[in-house]
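A.B. asks: So that we are looking at the same thing, I have put the structure below in structure tokens.
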Amino acid sequence: IVSPPVCGNELLENGEECDCGSPANCRNPCCDAASCRLHSWVECESGECCDQCRFVTAGTECRATRSECDLAGQCTGQSADCPIDRFHRNGQPCLQNYGYCYNGKCPIMHHQCYYLFGANATVAQDACFEENKNGIGDFYCRKQSDRLIPCAPEDVKCGRLFCEILPNTRCKHAPGDNGMVDPGTKCEDKKVCFNRKCVDVNTVY
């Protein structure tokens with residue numbers, strides 16, 4: 001036996017749009033406590049773009065930018081939800097031309113070294129990256145099955161990442177996938193890493 005819904009018991013039951021308790025105790029301004037129905041003027045109950053049961057004004061920021069390549073979320077005025085995250089186009093210069101936007105981030109080697117080895121780390125000298133032409137150990141561009149594919153001379157900065165840890169550690173690297181240069185990283189002027197190749201930014205995006 002299924003009990004009929006009881007308006008005012010603070011349980012959302014079949015046939016009710018809301019249930020905020022008795023009229024004396026109800027703290028939900030969107031809900032008519034006497035009928036357990038939403039007021040006729042209600043547009044929304046909750047959400048980043050809902051305030052006092054109404055959609056907030058179009059253009060109101062509902063999500064802050066997370067990076068120079070990320071776009072702030074703005075309410076549409078027609079929905080309670082913040083729209084899906086949007087980014088600046090891939091390939092747009094960022095961080096004062098040290099990088100290019102890639103999927104909402106600005107990947108640069110200096111930041112990757114910082115994340116791997118801490119505040120004293122920066123990008124190693126170009127000569128270190130020549131190791132990636134060897135195709136042995138940790139130094140390669142790609143793997144095919146168990147075979148290591150060495151980097152072509154023009155692609156060495158899209159293989160293993162090399163960092164310098166001040167004051168005196170040169171050509172430091174990290175093993176595994178974490179130690180590879182991130183996709184979308186600037187490898188030369190107007191070029192980015194894509195599929196472990198250093199390619200023209202305007203061509204790939």
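A Cβ is built for glycine as well, from the same backbone N, Cα and C atoms used for every other residue.
Okay, so Swiss-Prot annotates it like this:
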- C7-C26: disulfide bond (DISULFID)
- C18-C36: disulfide bond (DISULFID)
- C62-C82: disulfide bond (DISULFID)
- C69-C94: disulfide bond (DISULFID)
- C101-C106: disulfide bond (DISULFID)
- C113-C128: disulfide bond (DISULFID)
- C151-C158: disulfide bond (DISULFID)
- C163-C171: disulfide bond (DISULFID)
- C193-C198: disulfide bond (DISULFID)
- 4-90: domain 'Disintegrin' (DOMAIN)
- N120: N-linked glycosylation site (CARBOHYD)
A.B. asks: Among all chains shown, work out which of the disulfide-bonded residues C18, C163 has the most CB atoms within 10 A of its CB.
C.D. replies: C163
A.B. asks: Judged by the number of other CB atoms within 10 angstroms, which among C62, C171 is the least packed of the disulfide-bonded residues?
C.D. replies: C171
A.B. asks: Could you state the whole-number distance in Å separating the C-alpha atoms of C128 (disulfide bond) and C171 (disulfide bond)?
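C.D. replies: About 5 Å separates the two Cα atoms.
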A.B. asks: Can you tell me which disulfide-bonded residues out of C26, C101, C106 are within 10 A of C94 (disulfide bond) by Cα, answering none if there aren't any?
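C.D. replies: Near C94 (disulfide bond), where near means Cα within 10 Å, the disulfide-bonded residues are C101, C106.
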A.B. asks: Round to a whole number and give the Cα-to-Cα distance in Å for the pair C36 (disulfide bond) and C7 (disulfide bond).
C.D. replies: 6
A.B. asks: Distance between C101 (disulfide bond) and C82 (disulfide bond) at the Cα atoms, whole Å?
C.D. replies: 23
A.B. asks: Sorry to bug you, but what's the C-alpha spacing from C106 (disulfide bond) to C163 (disulfide bond), rounded to the closest Å?
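C.D. replies: Cα-Cα distance, C163 (disulfide bond) to C106 (disulfide bond): 18 Å.
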A.B. asks: From the Cα of C113 (disulfide bond) across to the Cα of C198 (disulfide bond), what is the distance in angstrom?
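C.D. replies: On Cα coordinates alone, these residues lie 19 Å apart.
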A.B. asks: What mean pLDDT does the predicted model reach across the domain 'Disintegrin' (4-90)?
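C.D. replies: So the average pLDDT across the domain 'Disintegrin' (4-90) works out to 95.
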A.B. asks: Would you list the DSSP helix, strand and coil counts for the residues of the domain 'Disintegrin' (4-90)?
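C.D. replies: The domain 'Disintegrin' (4-90) comes out at 0 helix, 15 strand, 72 coil.
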A.B. asks: Given the disulfide-bonded residues C18, C69, C106, C113, find the one whose Cα is closest in space to the Cα of C151 (disulfide bond).
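C.D. replies: Answer for the nearest of the disulfide-bonded residues: C113.
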